[in-house]
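Below is one structure; the comments refer to it alone.
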Amino acid sequence: MGTHKRNPVFLLLASLTFLLFSFAQFCRAVNDTIRQGETIRDGHSLKSENNYFQLGFFSPVNSTSRYVGIWYTFDQKAVVWVANRNSPISDRNGFLRIEVDGNLVLRDGNNNLVWLAPVSSLANNTAARLHNTGNFVLSRNDSIDDSDANTALWQSFSNPTDTFLPGMRVPVSSKLGVSNPYRSWKSATDPSPGNYSMGIDPNGGQQIVIWGKEGRRWRSGQWNLQFFIGIPYMSNNVSSFHGFKISLPDETGTMYITYKPPTQDLFRFVISWEGKERQLKWDDDKKKWLPLQSEPDPDNKCELYNYCGNYATCDRSNSRRICNCLEGFKPKFQDQWDHENWSGGCERKFQLQCQSTNRTSRENGKPDGFRKLKCMKLPDLATLLPSEENSEACGKRCLENCQCKAYAFVTGIRCMVWTGDLIDMQHFQQFQQAGNFQFFYRLHHSELDGGRKISNLVIVIICVVAACFLVASLWLLWRYKKKLKVSSMPCCKDEDVEIFDVSKSKRKEFSADLSGPSDILIDENQDNGPELPIFNFSVVAAATKNFYEGNKLGQGGFGAVYKGELPGGKEIAVKRLSGKSGQGLEEFKTEIILIARLQHRNLVRLLGCSIQGEEKLLIYEYMPNKSLDNLLFDATKKAELGWRTRFNIVEGIARGLLYLHRDSRLRIIHRDLKASNILLDSEMNPKISDFGMARMFQGNQNEANTVRVVGTYGYMSPEYAMEGLFSVKSDVYSFGVLLLEIVTGQRNTSFRSSDHTSLLSYVSTKRKSIHLFLSATAEAEIYIDLIGSWLQAWRLWSEDKAMDLVDASIRDACSPNEVLKCIHIGMLCVQDSAVHRPTMAAVVLLLESETPTLPMPTKPTYTFLRSAIEEEYIGDAQEFVSSNDLTVTLLPLKWSSSHSNGPIIWSAKYLTRLLPRLISFYEKTGPQSSHSRLADTAIGQSQSLGPRWVR
């Protein structure tokens with residue numbers, strides 16, 4: 001009885017379970033399928049069973065137009081197919097349905113037909129399903145779950161837009177001459193057909209082609225059953241393209257392009273609206289599409305179709321000229337070629353023998369031959385001769401046909417011949433494996449090696465004779481200069497001595513101390529030189545008390561500077577060139593020429609010079625307050641430099657530089673601006689001095705390059721220190737460093753033993769340094785400074801704490817607005833890129849403006865630093881040698897350590913080879929590695945690089 005009572009409950013539960021299961025199946029079917037009579041309205045969608053793809057209505061970015069499309073469920077911006085790309089719906093009342101005739105149609109809110117599937121034959125009882133591959137298939141209802149494309153009435157894979165998905169089987173018919181290409185979007189936000197399309201070559205070649213408005217834009221080269229021979233890196237990275245195949249023509253002449261990924265990762269190929277073919281892979285960890293390859297490369301003009309014209313090769317590795325005619329050819333339009341307009345291409349120098357109009361010459365002359373090339377992108381429009389089984393048979397077949405211009409035999413393709421012009425050739429020097437086949441093009445016999453032996457011999461003889469003549473000329477010139485004895489200096493004349501009031505001197509012998517000629521030539525044009533007196537060495541020596549150490553004012557790149565007093569009481573400053581300074585006669589001459597010709601209140605005044613044997617002296621007006629660094633970096637003296645004084649010094653330096661760069665007769669680049677080269681007179685007016693490294697620019701010259709980098713490290717701009725490229729912006733960089741020194745009261749090169757390696761790292765970087773001291777010999781130590789973190793000043797400035805950078809001695813008495821303005825200008829001046837730095841004219845304007853509008857500086861990405869040699873190796877801490885040849889640039893690294901031993905500099909040639917090994921070692925051992933282990937590794941690696949390489 002109890003069992004009988006439970007039966008209705010059991011039946012009820014079973015019925016509910018069956019209904020729920022049926023409903024779930026119904027929901028799944030509706031989720032990815034639409035059947036005849038059903039409608040998908042705007043706001044509803046279909047999803048594939050694997051939940052990868054979704055079909056519905058969408059609007060592109062910044063657009064209100066509605067389209068029906070397919071996209072990835074996890075990235076709605078990655079639209080892979082669009083139905084109505086030519087006919088967007090203007091409202092949100094559109095709907096997609098299968099009508100009574102079985103066709104799939106899209107209508108707007110007014111029931112107007114917008115789009116319908118181009119079905120060749122209709123059938124009743126149809127349905128459309130979104131498959132897991134992203135293919136939207138219309139078929140009969142009884143075969144809706146069938147993945148066979150042959151049962152489909154219509155499918156999106158056969159009607160693509162701009163995206164090629166794995167699983168697509170896209171046909172191309174050489175007989176019909178169409179390739180059913182993929183068409184790009186018009187823009188990033190407009191799905192309508194754009195200017196570029198992609199497909200298989202309709203001329204029968206098994207290669208991918210991108211077309212633009214004017215025709216072919218790029219091609220992949222022929223398919224050799226493994227890779228496309230026109231994509232050089234593809235042969236070295238076949239795994240990235242594994243699964244990509246092009247079938248051979250079937251009985252109807254149709255080929256198919258297919259792609260089956262080697263892994264479960266998601267891939268797609270897109271022809272972008274800019275005309276590039278891109279392969280993308282979904283990175284599930286980063287949640288974005290990663291580009292695997294892109295063609296054509298925007299940085300490689302050689303990939304553009306026939307960029308150099310017919311019968312010419314394009315070689316991006318050729319720094320002199322990327323386009324060159326094939327040997328035996330010449331530019332068709334030489335004037336265009338000279339102006340780098342390569343489109344005209346080349347033409348033969350000599351007509352082929354088989355094409356000669358002279359029958360006798362054609363029959364009895366030497367036959368044409370072939371020249372061989374390797375590592376080439378083969379020309380377009382080849383004819384395939386698959387019956388020829390080797391290169392010799394292929395060449396013989398070509399030679400028999402006078403119309404045959406070239407041939408090649410490629411494994412997987414076999415014999416290829418060209419009977420038309422040789423079009424779109426590229427040299428693959430960097431990718432040797434891509435050219436493991438040989439290309440032969442036809443030439444007249446005189447252009448082959450056998451017919452050129454005599455002319456080559458003549459060329460060799462001419463070159464040898466020219467070389468001998470050049471060597472002889474150089475030797476004679478050297479001998480002439482060695483014997484040439486010049487005794488006139490255009491900047492010195494006997495009568496130009498009023499500045500010293502010689503006529504009023506009570507000592508008769510003093511008139512003889514000012515001599516006219518000397519034994520050095522400053523300039524060959526003696527009419528244009530300024531007048532400058534020359535002092536006898538004995539007078540200068542007496543004025544300085546024989547260069548008494550008590551009269552020594554300081555030490556610089558040239559040597560020591562002494563205070564002196566001429567007869568009559570005039571005080572002078574004497575710079576004595578040191579033979580060990582690294583500076584020579586050229587710098588000495590440069591300083592005399594430049595300072596004698598320049599007149600400005602913020603430039604030091606040169607009173608005269610003296611030359612006797614190896615002694616070379618410059619006599620300046622005496623500056624009672626010595627150099628700026630003497631006060632600025634002295635803890636007890638810096639209090640004399642109040643903020644108003646410092647700001648006036650900054651303005652004076654800026655005006656002096658502006659005069660050098662723009663307002664003087666000569667355009668001067670100082671190249672060695674630093675605190676020790678700024679002298680202060682009795683009223684604290686700044687005077688720029690030390691023009692030994694300066695360079696003159698002529699006319700409209702804006703920049704120059706040198707292989708000899710000179711200056712003081714820490715003040716040199718990045719492009720000058722690393723590339724030898726200097727301009728007025730190089731001085732702007734040095735001015736920025738000096739400005740920050742004046743504000744902070746800290747020396748740029750005084751941070752080697754502190755937390756900051758330079759002032760720029762203190763003002764611009766919160767950095768961590770690695771100091772490795774490696775001893776190779778008693779006199780050779782190596783110093784490496786690896787930069788670690790971002791900018792401390794940037795952080796302080798962005799947090800409104802820039803006043804923390806100001807020298808503590810003036811912080812309470814300074815003008816905050818002026819200080820912040822100076823820090824801002826300083827950071828603008830030390831930008832990594834020269835184009836981002838202001839000119840000195842702009843700097844002066846900003847300094848003199850009460851409320852200037854300052855642009856925001858960018859975060860520096862490099863720090864260029866070479867630490868000065870420690871005191872025990874150089875003697876005087878003030879002696880910074882200016883003629884250095886090395887600056888090291890390193891990107892920020894994440895590991896750090898510290899070491900305080902004294903540094904010496906690595907040879908740049910070997911530094912670039914050793915650093916990767918040290919970095920690799922450190923990464924393997926981790927941040928706990930001791931300095932001794934790193935030192936041992938560095939020494940061992942340095943020994944493996946060759947003989948003594950540290951200096």
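Going from the start of the chain as shown, residues are counted 1 onward.
Including glycine, each Cβ sits where the backbone N, Cα and C put it.
Curation plays no part in TrEMBL annotations; they are all automatic predictions.
Keep in mind the model is a prediction, meaning the values are calculated, not measured.
Marked as signal peptide by TrEMBL: 1-29. Under the heading domain 'Bulb-type lectin', TrEMBL lists 31-151. Per TrEMBL, the feature domain 'EGF-like' maps to 298-335. Residues or ranges marked as domain 'Apple' in TrEMBL: 354-444. As annotated by TrEMBL, transmembrane segment applies to 457-478. Marked as domain 'Protein kinase' by TrEMBL: 547-854. The ATP binding site annotation in TrEMBL covers Lys575.
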Residue list, the transmembrane segment (457-478) vs rest of chain: Cβ under 8 Å, 6 or more residues beyond ends.
none
What three-state class does DSSP give Lys575 (ATP binding site)?
strand
Which numbers of helix, strand and coil residues does DSSP report for the domain 'EGF-like' (298-335)?
5 helix, 9 strand, 24 coil
In the same chain, who gets a Cβ under 8 Å from the domain 'EGF-like' (298-335) while lying at least 6 residues past its ends?
215-219, 276, 341-350, 371, 373, 376, 380, 421-427, 429-430, 441, 443-444, 447
Summarise the domain 'Bulb-type lectin' (31-151) as counts of helix, strand and coil residues per DSSP.
8 helix, 56 strand, 57 coil
Within the domain 'Apple' (354-444), how many residues are helix, strand or coil going by DSSP?
21 helix, 30 strand, 40 coil
